[in-house]
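Database features (TrEMBL):
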SIGNAL    1-28  signal peptide
DISULFID  57-287  disulfide bond
DISULFID  201-249  disulfide bond
DISULFID  230-237  disulfide bond
REGION    238-275  region 'Disordered'
COMPBIAS  261-271  compositional bias 'Pro residues'
């Protein structure tokens, strides 16, 4: 092959290699849930939540002790008993009130947040900023469960007819516990299945203001989900819009009616798009610092 032709072929090969390199896809960013779930401890910062309940993180989280005088943290293997100090104080105070109810020794506490918050490897979309907590609906008969027992024991379901009604496990003490839980001014809302909300609407004979914060939602029949408002001064924290005015009982009854009499499916409704997994760039910028902190 003449030398001029060889040089031309070589140049074409180099250009082709460059073009192929440009066309190659960039390496996919690691998922935020993988980054945050890999951190075993909190960051060494002042306690502060960043972002929203479903897209954020928490700096300087505190760990709920495995056992307190009136609570036990459950499913310790998940390492999700971390939260904002306000949440830990809330759990402590609510557990003391629970311990005064007949048949309740205190509280079994489920997931709060990971050590640095952020998306979880499984389960929740929220619980990312240390201001959400799941409280079991099972009345504790002992607060001396071993770590192994806390992995094996299950809560109890309180729903009947797919959540339209409560079942025989529901007691007046559940009503009183949820009333106490919702009456703390730090609470933004509490999620529980629709039938429980309607039952409390029917049974409450006194002050009804607290019912506004009890919100019907799918699932939530083994536990109720407490969400606190952003603490004062937490400028990077995004509150959810408050519940509509009123006790919300008619809305809960509509939920129940839709369970018992499901509306026909809309044939023209667009198919739901698959939810994209979050990457670190989706979270507030401060979450990079939280993730990298010691």
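Heads up, the Cβ atoms here are built off N, Cα and C, so glycines get one too.
Just so you know, TrEMBL annotations are computer predictions that nobody has curated.
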Secondary structure of residue 287 (disulfide bond) (DSSP, helix/strand/coil) | helix
Sort out for me which one of 57, 201, 230, 237, 287 has the most neighbouring CB atoms within 10 A, since those are the disulfide-bonded residues we care about.
-> 57
Per DSSP, what is the residue count of the compositional bias 'Pro residues' (261-271) in each of helix, strand and coil?
-> 0 helix, 0 strand, 11 coil
Rounded to an integer, what is the Cα-Cα distance in Å between residue 230 (disulfide bond) and residue 57 (disulfide bond)?
-> 13
Cα-Cα, residue 57 (disulfide bond) versus residue 249 (disulfide bond), nearest Å, comes out at 33
Where residue 249 (disulfide bond) and residue 237 (disulfide bond) are concerned, what is their Cα separation in Å, rounded?
-> 29
Work out, from DSSP, the number of helix, strand and coil residues along the region 'Disordered' (238-275).
-> 12 helix, 0 strand, 26 coil
Between residue 237 (disulfide bond) and residue 201 (disulfide bond), the C-alpha gap once rounded to whole angstrom = 32
